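> As annotated in TrEMBL:
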COMPBIAS  1-35  compositional bias 'Low complexity'
REGION    1-80  region 'Disordered'
COMPBIAS  43-80  compositional bias 'Low complexity'
REGION    103-152  region 'Disordered'
COMPBIAS  106-119  compositional bias 'Low complexity'
TRANSMEM  193-214  transmembrane segment
TRANSMEM  226-244  transmembrane segment
TRANSMEM  250-266  transmembrane segment
TRANSMEM  278-298  transmembrane segment
TRANSMEM  304-321  transmembrane segment
TRANSMEM  328-347  transmembrane segment
TRANSMEM  379-400  transmembrane segment
Amino acid sequence: MTEQPYQQPHPYQPHPYQQPQQPQQPQQPQQQEPQGYAQSSPQQYAGQDAYGQQQGWAAHQPYQQPYDDPQQYTQQWQGQTWETQMQAPVAAAGVTETAYLPPHEYAAPQPDPYAYQAPQPQPQPQPHPEASAPAGGEEEEPSYGPATLAGNARITDAQRARLEGRSPVIEPGMQPAALTALLGLLLSGTAALGTYALLVPLVVLQGVTAAGWFRLNGMWPARQGIALAFLGALAADAAVLTAGREHGPAAILGTLGVWVLLCLVLQLRSHADPDERMYGLMATVVSAALSVVAAGYLAAGLDAVTVGAAAVAVALVARALPLPTPASVVVSLLAAAGAGVAVGGMAGLGAKGALLGAAAAACALIGHRVASYDYPSRFVHFTAGVALPLTAAAPVVYVLGRTLG
């Protein structure tokens, strides 16, 4: 009677005493451990908080932590059988907030590899010289040289203009115009002295013309072509001096015909491609023709040469002034006419010198324009840009000199 009241009021006591026997099995807590993670018990998060807070300590003892964790989970599993049934609703919220939130606060400042890579600047494509394209030329296209503080010193103005798509016409400027004026004044001054004195600057003009035309066409060095054209000019000078001014045109045309045949023979002996041989033939023939035509100064009257060469010198300087193209052309023609009147008065041509000077200046401006075309280089300006204006004026000086004289 006394033992039954003791057992009935506490029917569940034997069960707690029997429960602790289960942890004696060493493998059971480890087998139940994954289930504890799946149930997301509050004690599990507390264990994770210990990892988060003791992260520095775990770094120094990486092999001790795995052996300590199973014992902790075993104790937590035992407590879960009785204490979680009574206290789980209260302890779960508090433990979850204190154990789960701090790792978020600790892990938040850690850089995300994807977020870190996002702001990295990507290399932007750079314009290639084309290799450059096509770059200096874009010729097409010379490669750029090394970068410099003052710009690329290895690219020419003509190549830069072609790369930028600007007009192919680049005028020589004041320095070539000054050289043309100097050469023109030499022709004018030596013509007043006599024929043989005129021959010296004329030979210089013919040599520069022969070289300048080849350079204008992009053929350099062209030693055989230049030499052939220059020899043709010398032959024309000798023919004019031998035949006299009266037979000057016949001497010039005869020399030109012979030199055209020589140019043909020279190109036939070439082993270049047919297109290159045709291009070389045309350049050689034109260069020889211009050099031979310059001999017209010898065939013309000395007074006409004096007026015409002086007018060309003044016209080229006026053309190089920083004025709009139409305005500079008008100014150069007027200046040439004025120079023709002034020099013609001293040479005995009077007012006729204005017409001769204006006509010679017009032809000289045509030669100046030719020397400015197709993105010429500075070397072209100082060869063709100097010689072509005076060479182009030679036929007009001869014709008008014979007509007006």
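Heads up, the Cβ atoms here are built off N, Cα and C, so glycines get one too.
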> For the transmembrane segment (226-244), give me same-chain residues lying six or more residues beyond its boundaries with a C-beta closer than 8 angstroms to one of its C-beta atoms, as numbers and ranges.
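Contacts with the transmembrane segment (226-244): 195, 199, 202-203, 206-207, 209-211, 213-214, 250-252, 254-256, 258-259, 262-263, 266, 284, 287-288, 290-292, 294-295, 298-299.
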> For the transmembrane segment (379-400), I need the partner stretch with the highest count of C-beta pairs below 8 angstroms, choosing only from 193-214, 250-266, 278-298, 304-321.
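The stretch I would name here is 193-214.
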> Going along the chain, which residues at least six beyond the ends of the transmembrane segment (250-266) come within the CB cut-off of under 8 Å?
224-225, 228-229, 231-232, 235-236, 239-240, 242-243, 281, 284-285, 288-289, 292-293, 295-296, 299
